[in-house]
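Participant: Sharing a structure below in structure tokens format, with a few things to ask.
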Amino acid sequence: MIQDTIRKVVSMQDLAPDEARDLMTSIADGKVTDAQIGSILTALSMKGVTAHEITAFAHVLRDRAVQLKTDTSGTFVDTCGTGGDGAHTFNISTAAALVAAAAGVRVVKHGNRGVSSRSGSADVLEALGIPITLTPEEAAASVSSHNIAFLFAPGYHPAIGRVASARREIGFFSVFNILGPLLNPAGASARLIGVGDTRHIPSITGALANLGVSHAMVVHGDGTDEITITGETEVYELSGGTICRYTLTPEEFGIRRVSRETIAGGSPAENAEIIMDIFSGRKGPCRDIVLLNAAAAIYLGEKATCIYDGYRIAREVVDSGQAYRLVMALRRTT
């Protein structure tokens with residue numbers, strides 16, 4: 001009974017894997033009311049979710065997702081964040097994904113419109129003139145021709161649509177913010193995932209390992225779900241089943257620390273303008289933070305031996321105009 005599960009979570013008890021699986025199955029199959037979903041999400045947020053719970057939830061939702069099959073093998077990278085950090089930065093991970101793709105990394109970016117922010121990845125890509133509602137066949141073709149495709153979450157995860165109303169009504173960070181970055185329909189084997197709350201880093205990293213992701217960096221930078229230039233970034237790197245924890249600083253890359261206001265964003269149109277200014281050669285903090293996050297994606301995509309080498313490559317890609325030309329090419333696919 002769903003009421004028994006709610007009572008267990010409310011009493012701060014962790015769910016066994018089979019209990020978590022049954023709960024998400026009931027939600028995905030539409031057997032749970034919005035009121036019950038709201039209760040579950042609230043209770044899970046208060047208790048905190050474990051790696052095993054996240055893994056079980058993700059398995060259920062991935063089994064129901066529209067899958068993307070490509071005609072190429074090898075490493076695919078996704079760059080995304082949990083959101084909910086309240087930092088109001090521009091769409092850094094989206095810009096970083098474009099730079100990584102221009103560097104030759106195959107990127108399958110999975111995302112949505114903004115929920116807790118003014119501009120989600122889908123919103124800014126739309127403002128850039130890049131198509132966001134690709135069919136699986138169109139997405140596979142885009143990866144083959146341009147190294148990148150955007151997978152609009154509602155088109156690939158119909159089961160998640162069943163919780164949309166309840167999520168809007170409760171209006172706070174929930175387990176679905178955590179699940180989103182784990183549900184890439186292409187099964188991307190490498191992930192750069194930003195986490196807005198450090199409490200979730202260990203459980204997300206553990207879930208990635210349980211889900212078979214071979215290489216990932218789970219990052220939190222000075223209160224944001226990005227690798228930051230405003231302070232230190234905490235990193236959990238998963239590689240070959242082993243998790244290594246370390247910190248990164250802007251100074252390691254020759255970048256001067258700045259205030260968060262210098263990397264603030266706005267509307268989708270404003271964020272698109274920031275990105276195109278960067279790709280057109282404008283220097284400054286916004287460019288620096290995009291290069292730093294792109295460096296991680298390039299490293300994860302096996303186009304660099306380390307993140308420092310990835311930073312050099314990202315800088316060359318932007319300075320040479322390759323990232324700008326990629327946006328122009330993607331616009332022509334509409």
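Cβ from N, Cα, C; glycine included.
I grabbed these lines from Swiss-Prot:
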type    : residues                              : note
BINDING : G81, N112                             : anthranilate 1 binding site
BINDING : G81, 84-85, T89, 91-94, 109-117, S121 : 5-phospho-alpha-D-ribose 1-diphosphate binding site
BINDING : S93, E226                             : Mg(2+) 1 binding site
BINDING : R167                                  : anthranilate 2 binding site
BINDING : D225, E226                            : Mg(2+) 2 binding site
Participant: Taking the Cβ of T89 (5-phospho-alpha-D-ribose 1-diphosphate binding site) as the reference point, list residues of the same chain whose Cβ is under 8 angstroms away and which are at least six residues distant in sequence.
Facilitator: T224, E226, R260, I263, A264, G265, I289
Participant: Using CB atoms and a 10 A radius, I'd like the single residue among the binding-site residues H110, R113, R167 with the highest neighbour count.
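Facilitator: For the binding-site residues H110, R113, R167, the Cβ with the most other Cβ atoms within 10 Å is H110.
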Participant: Other Cβ atoms within 10 Å is the metric here; tell me which of the binding-site residues S93, N112 scores highest.
Facilitator: S93
Participant: Out of the binding-site residues listed (G81, S93, H110, R113), which are within 10 Å of D225 (Mg(2+) 2 binding site), Cα to Cα?
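Facilitator: Among G81, S93, H110, R113, the ones whose Cα sits within 10 Å of that of D225 (Mg(2+) 2 binding site) are G81, S93.
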Participant: Around E226 (Mg(2+) 1 binding site), how many other C-beta atoms are within 10 angstroms of its C-beta?
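Facilitator: By my count, 30.
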Participant: Between H110 (5-phospho-alpha-D-ribose 1-diphosphate binding site) and G81 (anthranilate 1 binding site), what C-alpha distance do you get in Å?
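Facilitator: About 10 Å separates the two Cα atoms.
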Participant: Can you count the other CB atoms that lie within 10 A of the CB of G81 (anthranilate 1 binding site)?
Facilitator: 28
